[in-house]
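Chemist: Sharing a structure here in structure tokens format.
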Amino acid sequence: MDERVIKQSILSTSADEKRIYRSRIQKFRKSHTLYVLLLGSLAALQFIAIAFFLKGFLLTRNVLDNVATLADYQSIENYGKFNKSVILVVDALRFDFVIPVNQSNPDYNDYYHNNLKVLYEKFEDQSSSSSLLLKFMADPPTTTLQRLKGLTTGSLPTFIDAGSNFDGSVIEEDNIIKQMFLNDKQVLFVGDDTWDALFNPFLSPMSQPFESLNVWDLDTVDNGVISFFNDHLLENTNDQSWNVLIGHMLGMDHVGHKFGPNHFTMKQKQLQIDKFIREIMDSIDDDTLLVIMGDHGMDHTGNHGGDSKDELESTLFLYSKRNNAWNLQDTSNYDTRNQGDRYRSVNQIDLVSTLSFLLGLPIPFNNLGWPINEIFCTEKEASSFTNAALKQLRTYTEAIGIKINNESLLEELYQIGLANHERAQKYQIQLLQIFKTLWTNFDYYSIATGVCLLTVSVILLISVTNLIPSIVVNQMVPEFAPWIVIMSLTTNVCFHGFYYVFHQPLFINNWIWCTLFATAIGIIIGCCIPIFDRYTLKWLISRVFQDLLSDYWSRVGALFLILHSLLFTSNSFTIWEDKIVTFLLITFGVLTLYEFVFLPNRQYTSRLLTATISENEGTTSGVNSSTANSNSLPLTRFARLLGGYHSIMLIVCTRLASLITICREEQGDYCTPTFTTKNNYSLWCLSICFLLIFMIPACIKGYYNLSSSYQAAAPIWIDIFLKGVLFINFAYWTATSLENTLPEWSYDLTIFKFTIARIVTGFSLIASNVGWLMGPLCIKLNIHNTDVKSHQATILGYTNIYGSEYFLLVINWIMSIIIFMKPLAQISIFLMCNQILSILEIIDLLKLKENIIGPIVLALLSYQQYFSTGHQATIPSIQWDVGFILSDKITFPLTHISLALNTFGPQILIALSVALLTLWKQPPDVLKPQTILGRIVSNCGVLILYNSILCLSSFIWVTHFRRHLMVWKIFCPRFLFACMSLIVTQIIVTFVTIAFASGRLIRHINDIFWK
């Protein structure tokens, strides 16, 4: 009898057994579908809660449609000193880039200091022309779209505007570009296409916008601006097609995003801009005003979006060939020492009123800025211009109709300003502060709704996944779905009727919000009916303390969760979250090491409970009681040595990963960034990435060998697929490094890089997952040295058949994610593989598969790895350049996939891996399919619960600190990150881990092994 016949004999079953199996698997399919619907409903409830909170907390300001006219300005003498203007916006033109910096200064850097000299040279030499150089202070958030709004409207953007940085729409409110158009000035534009999105109706059809967000393209936009200026100004000084010529150059900003400021390309770009500005100065006539300005600065990493000093300090330069065009102040106000710390500064919103006076335009109606004092050449000009500015501010204040405290003080300052122009700006300063405060009015009803809905969702998650036994939940699942659907329809009918008749509640603005609110209430009621049909509230509360937190490890897990959620009570704790999460993860490693080394005979409630369940289920499934009860025996010496090794491995990998960091501006000198462009593209880093081609497969292979699971599909996935992808990934980042580090590099590798990136992404996201659907087993039927007549054989990998096959899916996602990670982040992902597998082994050895500590530690790992892959809970830390790995411009969905996998890669991997807490080293003949699914859902529920509680905590504390000085810099970005983490985790857990992977895996294994 040959091997094939033996295998068929071992795995064959009778017709009756097949009929029983089909009945059982149909029951499992139904249960699985209902579980997905239940978790999907809870996910929808949480998404609705987030939507309501965002609606209430992220502010928008009232915008008036009024448009200013010239009627109020016609009586002013010398109103409009110039007929034409050339405006050049140099993106990310940080102030210290344009002033002289002493080479002995410790902050001096040859790559970005003393290269762009023309502005300060002209400012120093006023003999043949007039120049004014000022520090230009931006208002946060320092994203380009928000800065352009401030620069053209004179108003303040709100934080929510930052979210629309990639979705600009035409500015409806009054603005300087609109006023140019209304007053018959032809506005010709070239450069950043954000201008086209915001001002398209007011720009000349001859304008030429360029794609702006491809930060890997350093030259296309700048070369386009230079070429356009050549055609319309430099080589054609008598061009009559424009009155205002605007250019927006992006090269310096893109260098910052791609390499950081400390790179030779920055020097090249600054020298190019310096030469270009000199040519513009030579080409304009006496009747043309030249304005050179930056929209924001950049931090030490080259990014922007926050409110650090380097991000806020930009440059404003006004130039005219007329002599004595500006009334400069005392030279002490223009002190360039210490990188211009004490140099005179003006707000960016002051540009609008300044240009209005210089070009003879009405000040835009919503303006809150003040004209720059240096443009007033005489006392008469100063008096008339400031009076006009005062009246514009007064008109706006009256039109907006907001009740203002201290109105008498404001009136007094207004009258003083009319009488004495030197004191007039005090009125504007006071008014600006008042509006900043008034525009932080929150929708407390929507905020409270979001908090309440998320709180209820947390309670439901705890009840369904932890308090009620999984076997009972399995019986209740058929009741949840019908009740949720029925109650959601019922509440929608009731709420819509109430809303359209009584127009209540007031915080519901339209039918969409009414539908969301009614659906959320329906989901809550639909979940509560089956629960309270069986249990009382008192019983559920008692379960928390009697069972859920009854043992040592559960209390440790709960402590970790509480400590993490309380970080948001302080800005200091929040900014050091990366270090605190690392500390908690290492603490778990130390506790488990102590357990393995010093307490080998200790037995816990959870261990005994697991053993009892295993004994009962083992007996009914054919496993004898002694085998099942062996789970409660003390660990063997070898098991303790193995457990100690895994604990040490977890501690070491966590510590090494924590060395890869990107620092927040608030961490100051206490943090030294290692995730830098220089390190990412260094020889030593790329050498390690080359070693990863062999180290990651070797690591995974070692863990597979512990359970003899390196069989059949495992070598194909690990040694061929994974190694191949890692090699291509290494080739991609090596090519990128050569482009970024070698000044003399002239080869264009764009097509090569796009090709291999798309091959890897397509293979890992699509082809490999289709292959996994085919059911790659990691077992081998070993019939050697057996009695052929007995039809008996050894199945290698049998004890880990679930876990080994499922981890192949995790490998697919590692291959998908790693191409979008920069080299240092790839090293961190390698460490993460070791951390995940070590945690799985520790949980298995300590028999904690049903304990909440497992999912909680994995959740901590996801946050620790988020920080160690080059991220922080801040806008500037988003790695925008990664969005262009698959395409050279913003392309849906390629750009969005790239950014999502880069930013939330660790959360995705953990959301997939949480099922392994149940499946790792789980043989197929111990637990029934429904029991395995129930335990997977329970562990997944704890992971979702962890992220939900963090999100709820961020809701509560960001509301509490809504008037805090650091709310928009620290607390708001962190709460947005908490929301996104919860959303990503919910989607992956519900629709990938449970709906796609777990159901298919359990059915596949039970097709082969079932009893």
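Including glycine, each Cβ sits where the backbone N, Cα and C put it.
Here TrEMBL flags 34-54, 444-468, 508-532, 552-568, 580-599, 681-704, 716-735, 755-779, 800-821, 899-920, 932-959, 971-997 (among others) as transmembrane segment.
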Chemist: For the transmembrane segment (800-821), find every same-chain residue at least 6 residues outside the stretch whose CB is under 8 Å from a CB in it, and list them.
Modeler: 696, 700, 704, 707-709, 713-714, 717-718, 721-722, 725-726, 728-729, 732, 757, 760-761, 763-765, 768-769, 772, 775-779, 828-829, 833, 836, 840, 869, 882, 885, 898, 901-902, 905, 908-909, 912-913, 915-916, 919-924, 932, 997-998, 1001-1002, 1004-1005, 1009
Chemist: For the transmembrane segment (932-959), which stretch among 34-54, 444-468, 508-532, 552-568, 681-704 has the most Cβ pairs under 8 A?
Modeler: 444-468
Chemist: Could you tell me what the rest of the chain brings near the transmembrane segment (971-997), counting residues at least six beyond its ends with Cβ under 8 Å?
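Modeler: For the transmembrane segment (971-997), the sequence-distant neighbours (Cβ-Cβ under 8 Å, at least 6 residues beyond its ends) are 32, 35-36, 39-40, 43, 46-47, 50, 53-54, 57, 159, 568, 571, 574, 577, 806, 809, 862-863, 873-875, 900, 904, 907-908, 910-912, 914-915, 936-937, 940, 943-944, 947-948, 950-951, 953-955, 957-958, 961, 964.
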Chemist: When you scan the chain for residues with a C-beta under 8 Å from the transmembrane segment (899-920), skipping those not six or more beyond its ends, what do you find?
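Modeler: Same-chain contacts beyond the flanks: 800, 802-803, 806-807, 809-810, 813-814, 816-817, 820-821, 829, 832, 836, 840-841, 843-844, 849, 854-855, 858-859, 861-866, 869, 871, 878-880, 882-883, 932, 935-936, 939-940, 943, 980-981, 984-985, 988-989, 992-994, 997-998, 1001.
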Chemist: Between the stretches 34-54, 580-599, 681-704, 755-779, which one has more Cβ pairs under 8 Å with the transmembrane segment (508-532) than any other?
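Modeler: Ranked by Cβ pairs under 8 Å, first place goes to 34-54.
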Chemist: What same-chain residues lie close to the transmembrane segment (580-599): Cβ under 8 Å, and 6 or more beyond its ends?
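Modeler: Long-range Cβ neighbours of the transmembrane segment (580-599): 556, 560, 563-564, 567, 573, 635, 640-641, 643-644, 646-648, 650-651, 654-655, 657-658, 842, 845-846, 853, 857, 860-861, 863-864, 867.
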Chemist: Quickly jot the same-chain residues contacting the transmembrane segment (681-704) by Cβ under 8 Å, restricted to those at least six beyond its ends, or write none.
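Modeler: Sequence-distant neighbours of the transmembrane segment (681-704): 710, 714, 718-719, 722-723, 726-727, 729-730, 733-734, 736-737, 740-741, 778, 800, 804, 807, 811, 814, 823-824, 826-827, 830, 833-834, 837, 841.
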